[in-house]
Structures are given as C-alpha cells and as structure tokens.
Amino acid sequence: MSEEEDDIILSELDDEELVQQMFDDLYDGLKEEIEEGVNILLERGWEPYRVLTEALVGGMTIVGKDFRDGILFVPEVLLAANAMKGGMAILKPLLAETGAPRVGKMVIGTVKGDIHDIGKNLVSMMMEGAGFEVVDLGINNPVESYLEALESEGPDILGMSALLTTTMPYMKVVIDTMVEQGIRDDYIVLVGGAPLNEEFGKAIGADAYCRDAAVAVETAKEFVGRKHNQGVTA
Amino acid sequence: MTNALARMIAAREWILADGATGTNLFNMGLESGEAPEMWNDWHPDRITKLYRMAVDAGSDLFLTNSFGGNAARLKLHGAQKRARELSRIAAELGREVADRTDRDIVVAGSVGPTGEIMAPMGALTHELAVEIFHEQAEGLKEGGADVCWLETISAPEEYKAAAEAFRLAGMPWCGTMSFDTAGRTMMGMTSSDMAHMVETLDHAPLAYGANCGVGASDLLRTVLGFVAQGSERPIVAKGNAGIPKYVDGHIHYDGTPELMAEYACLARDAGATIIGGCCGTMPEHLTKMRAALETRDRGPRPTLEQITQTLGAFSSAVDGTGDDSPQPSRRSRRRR
C-alpha cells in the first residue's frame, strides 16, 4: 500500500460497499471485522440467509478460487475460514429459526491410520462456508465409524481424506464395504488427499477425486445439484 | 569432521539415498492403517530386510523406519509413550545393517511431521514441537543413527522446531520439505524461501532439499529453485517414482526404473548431491539410478524444458519463485 489509509468504519459504508469490504476482510482473515459486518447487515434488516450467501459464501468463494489457483495457501485459508466461522456463529441460530434452505449435508473424516486433518479441516470449513451442513468425524476412522455416521446422519455426501501412501488404500476398504451392504449408490463419495489423483479416485470406486478444498466445494455442489435433478425426474 | 555423512559429502560428488519405505512395507504385508513403526518391535526381520534391500540396490544412505515415530503421530496407535524406544530400535536395526556392509553406509534417522498445525494458526506450540522432536532424536541417537533426517515438512515453523531439537540432541541432520501445492509447500513456502530460511538456522543442516511432493519433474524444478539462490549447502533430491495408480488392489507408482535413472542424472546435473527416491521407488529403481549415476557423465544444468521433455509435465505452471505468479483477487485495504 503506497499511502496510509485511515481505518475503515464499517457502519458508514452502504450495503454494497460493506459487502465488498467484507470480501476483503474475509480474504485477510479479519474475524472481528467480519462479525461486525454480519451484525450491521442484520441490523439493516438483511435476512440471515442473505448475509450468509451474499457476504460470507461470496467472500469464501473468492478465497477458494485463489487457493485453487495457488495464490493463497493453507495459513491464509485457515485465517479466512476462522473469520468466516465468527460470522457463522452469529448466523447459525438465526438460520435455524428462519428455516433457511439447506444446500446439502456431508459426513467427512480422515481414514484409519491417518492423523492428517489439515486438508480435511479445510474442506469442512469451505463446505460450511458454501452453506453445507458438515459432520466431521475427525481422524483415524475405521470403516465402522463411517457406516454408523451414514446411518445416523443421512448425508448426501461422504468425504474421505488420506495423506499417506500407507493409508490411501483404506478408502477402497470403506467403498467396498458400502458396495457389499448395498448402500454405495445412496451417497456421493468424494475423496481427497495429497498423494491421490483422479485416476486413483476412479479406480477405488469414488464418484470424484477433489484436488483441494475449493474443488471439493465445486464438485459437491455439482453432484448434489445432479442428485436433486434426478430426484425430480425420477 | 567426525560425522559419517559429512565425510561422505566431502569425499563424493554424489550420494545415492534410498527409496520408498511405505510402498516397500506394503509389499511385505503391512496393512493400510497400521503404524509401520510398530514393525520395528513386531517384525524386526522385515525392517532389516527393508534396509538391506536399499543397501544391496546400491544406496549409500538409507532412512530408518521411524517417519511416524514421534509422539504426536504414535498417539493414534496408543503408542505415544514408545516414541523414543521405537525410534531407537529403528536406528539399531539400521546400524547393524550398515556395520555389516563392507562399504560406507550412512544411517539416517527419519523424522516426519507431527501432523499438527503450529501456533498461532494451530494448537502446537514451538516448545511442544521441540520436545516431541527432541524425544525422537534422542531415540535415534541412542540407536546409532549417524544423522537425523527430517522429511516431508510443510511449515517453516516445524522445520525450525526440529532444527532446535536436533541441536539439543547434539545430532547433525538433513531436512527436506514437500513441495506439493502449485510448486510450494502446503503452507505456501517456495523453494527460494526455504533456501534462505535454512541459512538463518543456529544449527543448520548438513544438507537440505525436497522430498515426495507431486512427481519427479516438479521436484527437479524445486531443486533448480534452490540452486538459483546461490547457496553452497548440499542439496537433497528425493522424488516420487511418478504418480500413484491403483492396480489390482495395490498402490503402484507409474515411474519406471529407467525413468528414475533419468531423474537421478538430471537431479545431479541440476545441482543435487544426495539423490534418492520417495514413494514408489523400489530396489529395481535404485539399481538403475546407481548404474546411471556411475556410468554417465555429469551434464550441464538442465532447463525446465529439458526436465519436462524427459520426465513429464509439471503439476502447475509456476512455482511461486518468478515474477509471473498469479495475483491475488482482493487487495488488502486495511492496515494490518
């Protein structure tokens, strides 16, 4: 920045400027500013769902795009997601009250033997940022815990993550078990993790491999949209 | 200069390191999800065999089976209290193999990442990370490792914590990072960032470099990035044998032994001193790599085009080191 700028007073901005400023603040991971922005929009009579989609999801979409393009990296995205969570914490109870539409639901977890949860956490946060409901099973999940969660949560999507050569084959164990139990096609199965690639995802029977959290969100939206369309025509 | 690796670096133009640990252990029956480090205790014969395979294939240096042997990782298997012990056994088995070989072999005590995010972004403090790495380093030292070998690191904070731990343990070391995200580490570090960071450490490594990541081509672009910074410090190149594919229930990396031989020579031409493989690199790859390094003359530093022509395309157009990096979509309007 070439010139010294004064601190921005959010409440003095009009709606459009404020949303643009929130995009910047999400990009910079400024949690308090995001919380303030959310509260101002609510005070101005915005529906909680509109605040979520236009300000937060809109801002996180930009973050996701630059993450996908190798402009932002994990530390920046964690900060942005943290700021978004601050805003979400205010909106969540209000969204529940107002019965806002649901984009979709995902159960996600890192497979057995793998403790890496950085990528998985990013996916969780970006999915929430995109309006999905996410049930995070954490790390080191045996096939049983995935199946239990599918049963009890009834999600649209199952997400699995693995970061090690030694743990990635376990994804196939989970998918094979789902096939055996005849429930494979009830869910969209997305896989991700550093050593994986598209071909691997196909070979083990997943619906798609997602290179990173941003791609996961795009893919999830696409598949859920397709699933809903099928529901209508069927 | 009493250290075995320092002596070897001084005496040799190139050093052949080892290949994969996980991929090889799978072939010996490791189940997906199991902690490979438990085999140090349960199946020492198989671990000895793993080391022996690398040595017999021509490696001058091999890594111990202790990559996930820190307390943070072993916690998952309820074995966090065994971090020092399992690392010690991993090194003891290695020491035995090295001492029974009639040429010089360096036992490098593998130390992998904690798997946690460091403060302030995550929960792991510098002090705790140092403690975790220090415990493992002491175990590796007790077992007779010549050096500690930090690998697959993404965060500079974690690299620095390990450096401090190795200083506390009085161990010389090498440390590589994994450049798997648009040519940078997951945390956004570029090859030139790393080359500079290494020189700022109190207890600097004997050699630094890159391992794992996306494929052999990307790894060599990273090596060229190090070299461009003009550091005299020896460089490590340990790339994967291609990319993983799922064939008949097994993970198979698609890089052939012949391709890895090309990679080894290009790595040397690019300026790497310690050259090896990572995931998917089997003994047959190492044999070809050794033969190529021994029989072919060192060539001029390869261009990016020569690398992609020989080894395949890069995973991203740029790696963050040039001026042509993509620009952020938003600009910061606030004062930080």
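Glycine too: its Cβ is placed from the backbone N, Cα and C atoms.
According to TrEMBL, B:Cys278, B:Cys279 bind Zn(2+); the candidate from B:Cys174, B:Cys212 that the record adds to this site is B:Cys212. Panel annotation: around the region 'Disordered' (B:312-336), residues 179, 182-184, 188, 190-192, 214-218, 221-222, 225, 228, 304 of the same chain, lying at least six beyond its termini, place a Cβ under 8 Å from a Cβ of the stretch. Under DSSP, the residues of the region 'Disordered' (B:312-336) split into helix, strand and coil as follows: 0 helix, 0 strand, 25 coil. In the three-state DSSP scheme, B:Cys279 (Zn(2+) binding site) is classed as coil. Packing around B:Cys279 (Zn(2+) binding site) is summarised by its Cβ count: 27 other Cβ atoms lie within 10 angstroms of its Cβ, all protein chains included.
Of the listed binding-site residues, namely B:Cys212, B:Cys278, the sparsest Cβ surroundings within 10 Å are found at B:Cys212.
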